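Quick look at what Swiss-Prot annotates:
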type	residues	note
ACT_SITE	Lys82	active site, schiff-base intermediate with D-ribose 5-phosphate
BINDING	Asp25, Gly154, Gly215, Gly236, Ser237	D-ribose 5-phosphate binding site
BINDING	Arg166	D-glyceraldehyde 3-phosphate binding site
Amino acid sequence: MTNVTGTERVKRGMAEMQKGGVIMDVVNAEQAKIAEEAGAVAVMALERVPADIRAAGGVARMADPTIVEEVMGAVSIPVMAKCRIGHLVEARVLESLGVDYIDESEVLTPADEVNHLNKRDYTVPFVCGCRDIGEAARRIAEGASMLRTKGEPGTGNIVEAVRHMRQVNAEIRQVANLREDELMTYAKNTGAPYEVLLEIKRLGRLPVVNFAAGGVATPADAALMMQLGADGVFVGSGIFKSENPEKFARAIVEATTHYEDYELIANLSKGLGDAMKGVEISTLLPEQRMQERGW
């Protein structure tokens with residue numbers, strides 16, 4: 001079984017504290033304050049939301065530290081920031097700034113197409129994306145304290161987040177029903193470390209929280225992901241690319257909390273204005289699919 005150190009328990013515990021909440025992408029102090037006032041449990045500080053990163057193309061990097069510090073100074077809730085996959089120095093810079101979490105994120109252009117960070121080397125906890133139990137288990141083995149679906153960021157299309165959440169949860173059920181002497185073969189076939197699979201089998205769940213991310217654009221989307229077993233919700237472009245960010249932010253927070261109250265969700269959805277413009281996944285070229293980054 002994976003040896004969980006005291007530091008690792010603290011990191012995982014910090015992520016557990018966000019359970020049931022909404023984490024919102026913000027690009028400045030004003031947006032961070034809107035998110036906090038709407039009830040977000042944390043914010044993700046970055047230069048551009050995923051929809052703008054997708055539209056701009058080119059190489060997407062860690063945000064200017066000035067933006068991160070501005071957001072940190074504006075709110076009392078935890079602040080996260082993204083680094084590129086495998087970028088040792090971006091991660092160290094963000095850690096030195098004092099962020100509460102680092103997202104080793106496929107939304108940014110990977111710095112290393114072979115290696116992810118050894119997240120156990122850092123004091124700050126990490127969140128990482130996953131599409132299946134193999135990716136989830138590898139990130140946990142590297143020291144991730146929190147997971148999220150990859151979805152397809154910046155599209156306003158929930159279909160990929162749904163696919164990833166269902167896939168991970170189906171595979172958790174499969175692992176739970178395997179005999180222990182069958183786990184090694186399963187580990188070989190999925191690329192999932194055996195010790196992590198053993199921990200998942202014994203717990204009957206992932207040992208870290210798994211949030212929904214990538215395509216959440218409406219209160220109903222958020223409630224859907226919670227019903228599918230998400231521990232909480234990340235909203236990237238869905239808030240500040242909508243017609244009325246303040247209303248959307250509050251509505252998504254409420255829908256995440258009361259995800260089985262359909263009358264409330266109906267009322268929350270009234271008069272919100274237009275959600276962000278969505279993208280049909282089938283129209284994306286292979287190189288435009290952010291979820292394919294990392295392994």
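Note that Cβ sites are derived from N, Cα and C of the backbone, with glycine treated the same way.
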Between the recorded positions Lys82, Arg166, where is the Cβ count within 10 Å the lowest?
Arg166
Could you tell me the maximum Cα-Cα distance in Å between the residues recorded as binding D-ribose 5-phosphate, namely Asp25, Gly154, Gly215, Gly236, Ser237, rounded to a whole number?
13
For the D-ribose 5-phosphate site built from Asp25, Gly154, Gly215, Gly236, Ser237, further residues of that chain with CB within 8 A of the site's CB center:
Val49, Pro50, Ala51, Val107, Pro153, Thr155, Gly156, Gly214, Val216, Val235, Gly238, Lys241, Met276
Rounded distance in angstrom between the Cα atoms of Asp25 (D-ribose 5-phosphate binding site) and Lys82 (active site, schiff-base intermediate with D-ribose 5-phosphate):
10
Using C-alpha atoms only, work out the spacing between Lys82 (active site, schiff-base intermediate with D-ribose 5-phosphate) and Gly236 (D-ribose 5-phosphate binding site) and round it to an integer in Å.
12
Should Gly215 (D-ribose 5-phosphate binding site) be counted as helix, strand, or coil on the basis of DSSP?
coil
DSSP state at Asp25 (D-ribose 5-phosphate binding site), helix/strand/coil:
strand
Through the lens of DSSP with three states only, how would you label Arg166 (D-glyceraldehyde 3-phosphate binding site)?
helix
Round to the nearest Å and give the CA-to-CA distance linking Gly154 (D-ribose 5-phosphate binding site) with Arg166 (D-glyceraldehyde 3-phosphate binding site).
20
Between Arg166 (D-glyceraldehyde 3-phosphate binding site) and Gly215 (D-ribose 5-phosphate binding site), how many Å separate their Cα atoms?
15
Gly215 (D-ribose 5-phosphate binding site) has how many other Cβ neighbours within 10 Å of its own Cβ?
30
What residues, ordered by sequence, lie under 8 A Cβ-to-Cβ from Gly236 (D-ribose 5-phosphate binding site) and sit at least six positions away in the same chain?
Asp25, Met44, Val49, Pro50, Ala51, Val107, Pro153, Gly154, Ala213, Gly214, Val216
